[in-house]
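Take a look at the structure set out below.
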């Protein structure tokens, strides 16, 4: 301000350069024009002035200048500016009937210089070469059009409360730093260095400031379709999904849909990479399925609407005979990942129909069919695993409900166990969601496990077991019979008649339960759920060992699986008795020997154990997530109808490019 | 600035200003006498017009006097033509003027009144009734101006000559310091009150010294005592410090303000007696004279006020408001809403039946109708001022409004509004004003490059009406004729309105969204059609920059105020103002209509807020307490309260009914340019140059008050220091000063400003 005043004073008193000295006394905080300057000006106008006249004039000029400056500040205030401009001053002059001063209206600051020797202050006024200016080719561009853009700055009065005036992360446009971070991370994850990738993923998992980048990462991940030939890249992208899902600071919002669809792509699609039998796309599908279940576990609130949709698409794939077996496999593992209820609802009713197709594949011993048949075995194995868990969990839930009935039951150990796997634990969280999708309030679970079953007229356990046994034979029985292993508490048989009273106790069930393989329980505690490891499904036992460094073991595992399938087919002749399905049990039996850890997966007890270990830390990790990020925008979502048009996704204003319209 | 060129004004122009209000016969009947004198003496065109506008009022006596004073002024300045016209218009005879008798006024003014009645018939469709019926002039108002007009000659010289009597310049110092010593020695309870005297005394003594050419003494005096003055007078002191010569005093506004308006102090009787006794004992006539001549001491009985109480109310250019200035009854209640709920209910029923939950209807109706159902006892009568009748489109809009209102979020300390920021990008030319329509569908910006730009902030584009030739072609019987008249080719997101020749400082949408007003530095207010996007009228009257303008909440009327210190009330179909509100001692910086349209609030750089009655042009409230020019005003939706924001960064809350300050909200660090209450009045939002929006708990601020026992008689207030409790949130913008705030009908807060990278 002071400077501006100075400038103006100089401009008014002289248009080129004239000496102005500061007032002698410091306390007067304004400039004074010395009489010499007045004299000089008078001389230039051809008038001779006496000293006293000049002094009087100088003082008056000062006063008028101050007055004009004071009035000019009014124009500044009304223009809602902090900076006094030459234009303001000129307006003040004009309104006091004084000629305005032209030539100083430039927007940018005029360089104000002093010459030390002469105490001379002046504004630098360079000569402009008009010819050059006129012939200049770099014509300056007109400034961009004035426009209005809107952004939601604060939701429900909340936003970032950081004082530095940044907009909340949800509406932040990308800063350079973020952009760099994004580039580095994507490069590291998709690059060659596995170590770098690990670091990047770890950071992605824990970085709290990347909310603004979420859309970009999601976009990158949605690129799965374009790299369907490259298992490695797919794998990395899936890891990226996992990191994003696990980041407690990120609110995925509607992006979760995009993520889920990318994951589903990896599960279901007949990837280009799967044409080559050497490519271990099976592991990828397993991992993707694991990821899917993970998303449902942790972000159930966001994806609840998707559950049904996913079930449908899985069912569609499963019932489509034209689809390659690898897609079917994906559907099965996908269902498995969504929980045993999904298996019961979709896979189990569908099994008879599907079985015929699978049977046909498996029964074809021609050499040309070898590859397809190997795939068929994969599917078989996956189904087996899914079905077995279904049986386990169902049995468990029955016993659970039975136990709930006999509340006086003192079995303390069992009780604890039972609670550990109580209603939400019976299957992963999608279970309540599935019920919600069916219109059953999730709290019904508390009432009794029987209720949900009625919805799709569930088959009682014995009947189910009978039917499954008719498909799988001994291979199934073996696994189910391990039940007593976990069933040190009241065995599943008593609850059966208890719960399904009207059903005649399955005659086949009893002999089945007698077949036990207690040694399998030995593996209960093996937890394959190490960080990032895919859910190693039983059928490819060799894969189970691959673990996190799957990419390295890929070739060997795939070759082994091929080998195994070959061996199984060769051994098919040894089937003991009965129809063709006996082929598989033999084959299945061989597998445990090659890879015992695989079994650990299947057993209910282990499932429980895994849940207890895996889920607890899980929950503690993610507990802060919902209140932190999920709650805020969701309350907003609930209020949306009140403050504007309903239900546009948050995405629209999350982009850095705001629109003129309020996206409500 | 205004006064500098008093005599230089074009005769023709002046004549216009002066006489036309008389033709319209709806000039203001202003009983604010001191102010009126001030206008008269301050020989600027604006003041002349305000004086002239006094004529047709019913208080014949003072009008007559005023007229005579005007005539004298005109004669002095050799504006004989104007004199003739004025005399003719007012029906004054040569004799009347010459005799200058107070008693001769009857016939003349009677004639004037008759003129008015006969001429105003067609011109004044709505307000003519008003002006005739207005008769609320207090006795004191009648007397005071007669004195003023009789004594004061309308000449600056005469004004200043009051300073001519003087003592020894060297003794000023002594006088002042002895008084200072005395005041510092009195009891604590009196000291604060008596200290109020310092500032006006200081100023007047300084001016006397300057006037009598004691430049050096004046400078010494200033230097010695200016440090003692309250910091909030700093700006005025700066102006004073520059003024060291008698010549400077001529035409200086600040000086004239000091001289023409008595500085008002409120002092308890005890303290006053103390001061009086002291001065008489010491024979300190110099000071006693000044106190008697230039100060107005409002004596009250009771306990002396504390320092904080005094500080809360002081700070304006002319001291506090006199108590009787705020005594008038103000009808602050809301008008009854017209009964148009029938269609609303029908439609709602349908809508709700579709949804299948018709239960919700009842509470809805209650919450809505609460303000419209019963006549508020504090509300003015429905036709106190004539309001335009509702058109069908207005009714539709009302229905829309009610529907939206049912979806409104109930705000509170726990449910704060979401804030959306409209950023003006690339506004290098300078954004000076913003307004948003009530339904939040349009946003307009006034710019320093004289343009007004309008944006549609919904996907609906802005379209012009077709040209006359094209309009003749369309089928006028068709149902969608309103759609057909629009020219699809002109559809665009924004439109630019060219017409002003100076920065546009104020803009306002009409409630029906058909018009836009803009006020500019060029001295005009323009009315734009948002159908054709052309200028319809340029209202000329303010001959100086017009700082603000606003439409009445019912449309038709609008108010404007500017550098000429006069606020004008206009009707869109009149090219002359219907009322002039004069009394402010400095620029009117902002103008707001009361929600019931019967009152207008103006904020000024004299650091006061005045409330004017639209019916009779009286000033019914003067609020003092701000320490800087006031740049933002907002009425609470229930009409009971007023919030004001100033360059000092403080928001003050006022109870209109009682005429009291009831709250102070501290927190902003720079000028507050926008204030807005949420739709239900629970939250007050303030936007400032410091790039923040702050939300305040208005409910709490007002609730606390109602539990208090009002000492309305004394007007003494105890302000609780609770800014921090009331502050609900501070929200930073992205280096964007907040120029405008708006609550949508659903209580979403919209803020607007120009992004300054």
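Sequential numbering from 1, following the chain as shown.
Here the Cβ of each residue, glycine as well, is placed from N, Cα and C on the backbone.
TrEMBL: automatically predicted annotations, no manual curation.
The feature compositional bias 'Low complexity' is assigned by TrEMBL to B:22-38.
Taken from TrEMBL, the feature compositional bias 'Polar residues' applies to B:44-56.
What TrEMBL records for B:342-353 is compositional bias 'Acidic residues'.
The compositional bias 'Basic and acidic residues' annotation in TrEMBL covers B:365-376.
Residue counts for the domain 'TFIID subunit TAF5 NTD2' (B:167-295) under DSSP (helix as H, G, I; strand as E, B; rest coil) come to 100 helix, 7 strand, 22 coil. Per TrEMBL, domain 'TFIID subunit TAF5 NTD2' is recorded for B:167-295.
What TrEMBL lists as region 'Disordered' is B:1-60 (among others).
If you look up TrEMBL, you'll see B:90-122 (among others) marked as region 'Disordered'.
The region 'Disordered' feature in TrEMBL is assigned to B:342-390 (among others).
With a threshold of 8 Å between CB atoms, the same-chain residues lying at least 6 positions outside the repeat 'WD' (B:424-465) that come near it are 397, 400-401, 404, 471, 485-488, 490-509, 511, 513, 516, 518, 520, 522, 528, 530-533, 739-740, 742, 744-745, 748, 750, 752-755. According to TrEMBL, the repeat 'WD' annotation covers B:424-465 (among others).
Marked as repeat 'WD' by TrEMBL: B:497-532 (among others). Taken together, the residues in the repeat 'WD' (B:497-532) have a mean pLDDT of 94 on the 0 to 100 scale.
The annotation repeat 'WD' is assigned in TrEMBL to B:539-580 (among others).
Positions annotated as repeat 'WD' by TrEMBL: B:581-622 (among others).
Per TrEMBL, repeat 'WD' is recorded for B:623-656 (among others).
DSSP places the residues of the repeat 'WD' (B:665-697) in helix, strand and coil in these numbers: 0 helix, 20 strand, 13 coil. According to TrEMBL, the repeat 'WD' annotation covers B:665-697 (among others).
Tertiary neighbourhood of the repeat 'WD' (B:665-697): same-chain residues 405, 408, 410-413, 416-417, 419, 628, 631-638, 643-647, 649-653, 723-743, 745, 747, 749, 751, 753, selected by CB-CB distance under 8 Å and a gap of 6+ residues from either end.
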